[in-house]
Structures are given as C-alpha cells and as structure tokens.
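For reference, the structure is listed below as structure tokens.
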Amino acid sequence: MVEKNKEYIFDIISQGYEGEGIAKIDNKYPIFIEGALKGEKVKVRIVKVNKNFAYGKLMEVLEASEERVNPPCAIYKRCGGCKLQHASYKAQLDFKWDRVKDCVSKIGKLDPSIVKYPLGMENPWRYRNKVQLPIGLINGEVKIGFFAPRSHDIIDMESCLIQDEIGDKVVKLTREWIEKFNIRPYNVDGEYDEKGIVRHIMIRRGFTTNEVMVVLVTNGEKLPHKEEFVDLMVKNIPGIKSVIQNINSKKTNVILGLESKTLWGEDTISDYIGDFRFNISPLSFFQVNPIQTEVLYGKALEYANLTGNEEVFDAYCGTGTITLFLSQKAKKVYGVEIIPQAIDNAWINAKENKVENVEFFVGESEVVIPDLINKGVKADVVVVDPPRKGCDKKLLDAITNIDAKKIVYVSCDPSTLGRDLKVLEENGYKTLEVQPVDMFPNTAHIENVALLIKK
C-alpha cells in the first residue's frame with residue numbers, strides 16, 4: 001500500500017480510459033497518475049488513497065517516453081478541456097486503439113483483431129466549430145475560459161487550440177465590452193450572483209460556409225449596452241451572420257435557456273456535412289467536428305453497403321444527419337427519435353435538402369420499429385447511434401426479434417459498445433469489424449463504427 005502525501009517512484013505500465021498513467025504495486029494495486037505516459041519512470045506524490053486504488057500527482061518525469069511532447073497550450077495543466085496534449089498524436093491514436101480493443105475483448109468477449117486502427121486527422125488542432133465558455137468576475141478581474149477539473153474555478157483563456165480561431169477573437173472582444181461598460185457577470189468568485197447579468201459566451205461557425213453566430217447567455221432579459229456589444233461583433237468578426245441573446249435565469253449548470261432573442265442578423269447559420277446543408281440555431285445539436293463527422297458517416301454508409309433496394313432504420317436519429325447520408329443509397333430510411341424537437345428539425349433538414357425517401361417518427365425505437373415491421377416494412381439494415389449510455393436493452397431485443405440482416409452501430413463510448421456487441425453476439429449476430437474515428441484529438445474520447453451481420 002501507499003500513504004497519502006508521501007512521494008514514490010513508479011514505472012508506468014499502461015494508461016487508463018481517461019489517458020492517465022497507471023502504475024501497480026505488486027502487480028495488483030493500481031495508482032492513477034494524470035499526465036504520465038506508458039513506459040515512463042515518474043516521481044509521484046500520493047493525493048488520495050482508497051481500498052482498491054490510489055491517485056497520485058505527477059511531480060517529475062525521471063525517464064520520459066519518446067512520445068512525450070511539450071503541450072503547446074499555455075493553460076494545459078490547469079484547464080479541464082484536453083487530457084492528452086503531452087502525448088504525440090501517434091501516441092494518442094495508439095492509446096485510443098488500445099482502449100477500444102480492451103473494451104471489445106474484455107467487455108464484449110470478442111477478438112480484438114476486429115478493431116481497425118483509428119482514422120485520425122491530418123491536423124488535430126482547431127477542429128471544433130462550437131465553443132461555449134463561462135464568464136466570471138474573480139478577485140475583481142473578468143475571466144472567460146474553461147472550468148478547472150472538478151471545480152467551478154474559471155481558467156482565463158486567451159486562445160484555445162482545439163477551438164476555431166474566430167472564437168479567440170470573440171472572447172477578446174467580449175472581455176473588452178464587459179470591462180468598458182462594467183457589465184456584471186453571474187459568476188462572482190465562484191458563487192452565483194442573482195444580480196449578475198452575463199453567464200456564458202457561445203460561438204458557432206460553419207466550417208464550409210464561414211458563417212458565424214455569437215450567443216451571449218444572460219441571467220434575465222436585461223442586457224445593458226447590447227447595441228455596443230452587437231456593434232463590436234458586427235464590425236470585427238469576419239463572416240458574422242447572427243448575434244443572439246439567450247436567456248437562462250435558472251440556478252442550473254445547464255448553459256442555455258429555452259428563450260433566445262436575435263439582436264442582429266439571422267436566427268440561424270448553416271453548414272454542410274458532405275453534400276447536405278443544415279441550419280444551426282443556438283439550441284441545435286450539430287456535431288462539433290464536421291471534418292471527422294463526414295469520415296464517421298462515410299464509414300457507416302460504407303458498412304451499410306446499400307444498393308438502392310434496402311429499407312433502413314435509423315434509431316436515435318436525432319436531427320436526421322445520418323438518416324440523410326443513408327438516403328443517398330437506400331430505397332427508404334426510417335428515422336426514430338424520442339425528442340420531438342429533434343424530429344421537427346429532421347423534417348426541416350430533409351425538406352431543405354430535397355430528400356424525399358425518408359420518414360421520421362417520434363417515439364422509442366424499441367416500440368416504433370417493431371410496429372413498422374408489423375406494417376410490412378423490411379429490416380434490411382438497422383443503424384443505431386445511441387448516447388453514451390449505449391442502446392436500451394429493449395431496443396437490442398427488438399432488433400434481434402425483427403431479424404435485421406445487418407446492424408451498423410455508431411458509438412461514442414467504447415465500454416457500452418463492448419457491452420452491446422456482447423448482447424448482439426449472444427442473440428444471433430456476428431461482429432465483423434470495428435472502426436474507431438478520432439473526432440476529438442487531444443482528448444481521451446473516441447467514436448467507433450461497428451458492422452454486424454446475421455449469423
């Protein structure tokens with residue numbers, strides 16, 4: 001065992017699911033050390049001790065991995081945004097590959113050789129088309145940035161290397177406006193001030209269209225000097241198309257409220273994924289890395305291997321982005337989603353893109369899909385793109401009961417993917433391949449697409 005606040009020297013033998021280094025005592029008791037890489041010898045101070053594991057703080061790298069690099073971000077060690085900037089991009093992809101293989105083999109009980117090497121980015125920086133940052137007044141100074149890990153302390157940010165560069169400029173201008181007109185933030189020294197006005201700033205940009213939306217989230221309708229804010233954005237932000245005030249007066253960690261007022265320009269901006277154009281409002285869901293989204297959806301379409309004669313189900317279809325991709329090669333695609341507003345947007349997206357061979361349904365996929373089967377729809381291919389918690393067990397049961405010929409599983413969590421693949425394998429399906437896609441470079445997150453066929 002180890003003792004809290006004492007320092008030890010460890011060899012890092014592996015990495016955890018969040019990218020942290022792992023050392024072991026007697027090959028049993030794990031120590032988790034953020035910032036350490038596999039193969040390194042490190043000096044560590046123990047900060048937390050539990051019965052089955054401990055956490056350590058990296059004090060010094062005694063023998064560095066060849067894959068260690070100097071993080072280019074000035075606030076990397078304090079910010080909670082990225083976890084892997086200290087690793088080369090190759091090492092990041094290797095880690096994510098190992099993680100997916102580990103989940104597929106240990107949780108899914110499958111041969112890890114079915115997991116292909118991750119599809120990475122040519123440039124793993126500046127890939128996010130959306131940034132949302134809290135605004136605070138800390139010790140009398142205006143802070144706009146990210147929360148520190150496991151806290152509400154705002155780490156002031158001048159530039160974020162994974163966000164679009166236009167966001168840096170908007171943040172600078174917003175800070176200048178707050179300071180010039182003495183606009184009081186809602187977050188004051190880590191506490192919520194009911195008299196505070198500004199809560200967050202959000203920037204969205206269409207990478208293909210170059211259209212920019214700036215959203216200022218306020219604690220109520222009151223917004224003094226809003227004309228000056230609008231003027232500052234319109235005169236200084238290239239591609240600006242929309243300046244919006246979003247009102248969120250609730251005591252909550254949820255960033256956006258339900259009411260938005262357009263202060264200048266349009267209510268939405270637009271962007272493309274492949275050949276499809278999508279309208280984006282402040283509250284719209286839209287993948288934050290459009291470059292890799294096209295790669296992800298392209299792989300899903302490749303796995304579906306449609307000839308134009310198939311009827312396809314798209315479960316958890318959201319606003320219909322994957323549905324539209326599938327429509328290019330399918331006879332008909334049926335999208336199912338439990339959130340009514342998402343289905344409203346899906347119909348709008350289909351209409352905007354003149355796609356007619358799709359139909360959308362509000363409801364639980366495990367109820368809607370069997371009902372459509374009973375009405376004569378064929379289950380040639382089922383595509384699922386569930387949230388992080390994975391597929392509902394009832395949906396997996398429904399898929400196996402309707403005897404779908406092929407399943408394409410799009411996943412944002414390797415652990416729940418492994419769990420669900422195991423269930424499907426036990427119920428008549430065979431997993432042919434899993435393809436990781438790196439949607440979030442410099443973080444520990446990894447997306448996957450899996451192909452299953454009926455045995």
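Backbone N, Cα and C define each Cβ position, glycine as well.
Same-site candidate for S-adenosyl-L-methionine binding, as annotated by Swiss-Prot with Gln287, Tyr316, Asp385, chosen from Glu266, Glu337, Glu359, Glu364: Glu337. For Cys79 ([4Fe-4S] cluster binding site), the spatially nearest entry among the recorded positions Tyr316, Glu337, Asp385, Cys412 is Cys412, judged by CA separation. Each residue in the domain 'TRAM' (1-60) has a pLDDT score, and their mean in this model is 95. For Cys73 ([4Fe-4S] cluster binding site), none of the recorded positions have C-alpha atoms inside a 10 Å radius of its own C-alpha, out of Gln287, Tyr316, Glu337, Asp385, Cys412. DSSP assigns Gln287 (S-adenosyl-L-methionine binding site) to coil in the three-state reduction, placing it in neither a helix nor a strand. Of the residues the record lists as binding S-adenosyl-L-methionine, namely Gln287, Tyr316, Glu337, Asp385, the two whose Cα atoms sit farthest apart are 17 Å from each other. For the pair formed by Cys412 (active site, nucleophile) and Cys82 ([4Fe-4S] cluster binding site), distance between Cα atoms is given as 17 Å, rounded to the nearest Å. Spatially, by CA atoms, the binding-site residues Gln287, Tyr316, Glu337, Asp385 include one closest to Cys82 ([4Fe-4S] cluster binding site), and that is Gln287. The two recorded residues, Gln287 (S-adenosyl-L-methionine binding site) and Cys160 ([4Fe-4S] cluster binding site), have Cα atoms 18 Å apart.
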